[in-house]
Amino acid sequence: MENCLFCKIAEKKIPSSIVYEDEDLLAFKDINPAAPVHLLVIPKKHFATLSDCSANEAPLLGKMLALAPRLAEEAGCGVGYDADGSPTGGYKTLINSGPNGGQEVYHLHLHVIGGPHPWRGQR
Ligand code: 5GP
Ligand code: ZN
């Protein structure tokens with residue numbers, strides 16, 4: 001897709017801080033992080049929004065979502081459990097869709113936002 005920022009990032013025509021890559025997906029650091037950990041997971045194939053995906057994309061969407069806990073763990077904000085079994089750590093996963101959904105870049109992306117910081121309530 002011409003003139004798509006995240007297609008250009010996926011094609012390495014624009015540099016980014018890549019944290020994960022496979023044949024379908026790329027994950028990189030958000031340029032304007034809302035928290036100590038702020039990653040974006042994108043499909044290499046262009047979909048403008050989540051609403052441009054069909055049921056055919058369920059495996060790809062599932063792969064994106066399943067990657068989030070792995071990346072969070074590697075970034076130090078995974079969910080853990082303390083001695084009494086209470087959950088610790090954690091992160092937020094978010095897909096903004098369309099103008100009313102707050103989407104700014106029209107290439108589907110999943111935000112992974114977390115870290116030891118009082119970021120709750122933001123975004
Ligand atoms: P949206 O509001 O569309 O869900 O989120 C777009 C995100 O992309 C924002 O958090 C913004 O900081 C990030 N972003 C915009 N341009 C760039 C860029 O050139 N590089 C990177 N790494 N992130 C970007
Ligand atoms: Zn694109």
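Using N, Cα and C of the backbone, Cβ positions are placed for all residues, glycine too.
According to TrEMBL, the feature domain 'HIT' maps to 5-123. Among the features that TrEMBL reports, motif 'Histidine triad motif' is placed at 107-111. Marked as active site, tele-AMP-histidine intermediate by TrEMBL: His109.
Here the motif 'Histidine triad motif' (107-111) has Cβ contacts under 8 Å with residues 1, 4-7, 30, 38-43, 46-50, 52-53, 64-65, 68, 92-96, 123 of the same chain, all six or more residues outside its ends. Per-residue pLDDT, averaged over the motif 'Histidine triad motif' (107-111), rounds to 98. Within the motif 'Histidine triad motif' (107-111), the DSSP-based counts of helix, strand and coil residues read 0 helix, 2 strand, 3 coil. Counting residues per DSSP class in helix, strand and coil order gives 33 helix, 31 strand, 55 coil for the domain 'HIT' (5-123).
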